[in-house]
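Undergrad: Let me begin by handing over the structure; questions about it come next.
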Amino acid sequence: MNKLRSSAITQGVQRSPNRSMLRAVGFNDEDFNKPIVGVANGYSTITPCNMGLNKLALKAEESIKRSGGMPQMFGTITVSDGISMGTEGMKYSLVSREVIADSIETACNAQSMDGVLAIGGCDKNMPGAMIAIARMNIPSIFIYGGTIKPGKLHGEDLTVVSAFEAVGQLTAGKINEERLIQVEKNCIPGAGSCGGMFTANTMSAVIEVLGLSLPHSSTMAAEDLEKELSADKSAEILVSAIEKDIRPLDLMTKKAFENAISVIMAIGGSTNAVLHILAIANTAGIDININDFERIRQKVPVICDLKPSGKYVTVDLHKAGGIPQVMKILLNAGLIHGDCKNIEGKTISEYLQNIPDKPPTNQNVIRDIDDPLYKKGHLAILKGNLASEGSVAKISGVKNPVLTGPAKIFESEEDCLKSILNNDIKAGDVVVIRNEGPVGGPGMREMLAPTSAIVGQGLGEKVALITDGRFSGGTYGLVVGHIAPEAAVGGNIALIKQGDLITVDAVKQLIEVDLSDEELEKRKKDWVKPIQKYKRGILSKYSRIVSTSSLGAVTDL
């Protein structure tokens, strides 16, 4: 083992005061020569996503001790996207990714920790931890809190998105209030992250593919015993990685990120993965840009039938073989790199050796490569005079990927939702929600409430919604987010007017307003930068330093 980083606080006469503090928290003489391992615990009763994390943290803590390390547990925050959705509070969601990253980096570096085991559940926990891990480049592993099991109502599988869609169904007269309350009471049965292939499950899969969590661990149910056993094993593997000096940047290569993007396409993952992978890769110093997603999308089909646009939930994917089964299919098709390594020091080809070449025949969740749901990936990068830096469209399940219609413009999510629920949006409209970008929001809120209301009213195939904000992993339909440059910095989305004709063409990867360059230039001269209403606090600070979404909306470029 190399010299421990923690020797800076444990070794030598001059560190006697430091050791005295450590003795107070349980260190004995023999412990000062052991690696100090941080346990970044995202436990919280704010959200079901994180309420089961403490038992995993305690299990990992025991395993670290048993494996020859000294654990030091500390807390980090979470924000519940599902609870803050549709409110002012959602502006803090993406911001929390940076807070989580900063807090883990701060605690680990301040205490000279030799490694870190991060435990998270809700959406921003995963990328926040990965950004910190990439910054520090100390031996690290991530434990995902696990997915929630599906809610049940009259034999139907429910997720949290079912509740959002029920709101639109109620206002459209498709269901009564009794049904709404039944969905509300049954869609979230216990602990775990939202059950479809939404953002949390997508990002946990990304971490597994990058090699910083154990195979199969990203699709386990939060309440199952195997999740605790996986936490125990993860801690043991981390102590071994410290001894072998296996570091995150040894694993987070360009090929590894390309593998992650390929798997995202294959499983039908969240649009948020684009933003988060760009941010993690930036921190790791890897040249991944928004165009890489389009390049890989053209080659990799969607082979998993998962919610929100599909039929099944993540526990079904786990039973069908999980991410390793998906990876084996892609590996055999030459669509991922088999020489990338994981935290155990094994290559992908090595640890997939015993995974079947074909998906099980007794399931319909994972399809073989020659029988995909969609022949190309579902996350399309659209460009044009409304998004010169790019935008992200999720086109899985969309029967009509091309729409030209009049702009219905809203300056906030709240105004848009009110209009939808008043039945003001008609078939053929292009709904525009602007000033919701990283700077303009600030915080780039997710537009799950408006999109779910549109779907609930039966307009999901007949209306396009575009925004400089984000979408929840639970969103589907003809939606385009992450439009950059955003409205708040003078992007062309700020210049369009009610009724302007907008074309969204996911086939040609095009998003355009029917205006000449001369007209856009004329309007730009009349444009006035919005006044930032937040003068103090984290939203004010964030809006001043955050990058464009096409670079991952990061704060440390």
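Cβ atoms are placed via backbone N, Cα and C, with glycine included.
Taken from Swiss-Prot, the feature [2Fe-2S] cluster binding site covers Cys49, Cys122, Cys194, and the record attributes it to sequence analysis. What Swiss-Prot records for Asp81, Asp123, Lys124, Glu446 is Mg(2+) binding site. Under the heading N6-carboxylysine, Swiss-Prot lists Lys124, citing sequence analysis as support. Annotated active site, proton acceptor per Swiss-Prot: Ser472, in sequence order.
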Undergrad: Cα-Cα separation of Lys124 (Mg(2+) binding site) and Cys49 ([2Fe-2S] cluster binding site), in Å?
TA: 11
Undergrad: Quick check for the class: what is the C-alpha distance, in angstrom and rounded, between Ser472 (active site, proton acceptor) and Cys49 ([2Fe-2S] cluster binding site)?
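TA: Per the Cα atoms, Ser472 (active site, proton acceptor) and Cys49 ([2Fe-2S] cluster binding site) stand 15 Å apart.
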Undergrad: Test of understanding: give the count of other CB atoms lying within 10 angstroms of the CB of Cys122 ([2Fe-2S] cluster binding site).
TA: 29
Undergrad: Could you measure between Asp81 (Mg(2+) binding site) and Cys122 ([2Fe-2S] cluster binding site) for me? Cα positions, answer in whole angstrom.
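TA: Asp81 (Mg(2+) binding site) and Cys122 ([2Fe-2S] cluster binding site) have their Cα atoms 8 Å apart.
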Undergrad: Taking the mean position of the Cβ atoms of Asp81, Asp123, Lys124, Glu446 as the Mg(2+) site, which residues outside that list, in the same chain, have a Cβ no more than 8 Å away, listed in sequence order?
TA: Val79, Ser93, Leu94, Cys122, Thr199, Ala200, Asn272, Ser472, Gly473
Undergrad: Please classify the secondary structure at Ser472 (active site, proton acceptor) using three-state DSSP.
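TA: Its secondary structure by DSSP: coil.
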Undergrad: Could you tell me which three-state DSSP class Glu446 (Mg(2+) binding site) falls into?
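TA: DSSP assigns Glu446 (Mg(2+) binding site) to strand.
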Undergrad: So if I measure Cβ to Cβ from Cys194 ([2Fe-2S] cluster binding site) and keep only same-chain residues at least 6 apart in sequence, which ones fall under 8 Å?
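TA: Listed in sequence order, they are Cys49, Gly82, Thr147, Ile148, Thr159, Val160, Val161, Ala200, Asn201, Gly473, Gly474.
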Undergrad: Identify, in sequence order, the residues in the chain of Asp123 (Mg(2+) binding site) that are 6 or more apart from it along the sequence and have a CB within less than 8 Å of its CB; answer 'none' if there are none.
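TA: Listed in sequence order, they are Cys49, Asp81, Ser93, Ser193, Phe198, Thr199, Ala200, Met203, Asn272, Gly473.
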Undergrad: For Glu446 (Mg(2+) binding site), what residues in its own chain, 6 or more apart in sequence, show a Cβ-Cβ distance under 8 Å?
TA: Asp81, Met85, Met90, Ser93, Asn272, Gly469, Arg470, Phe471, Ser472, Thr475
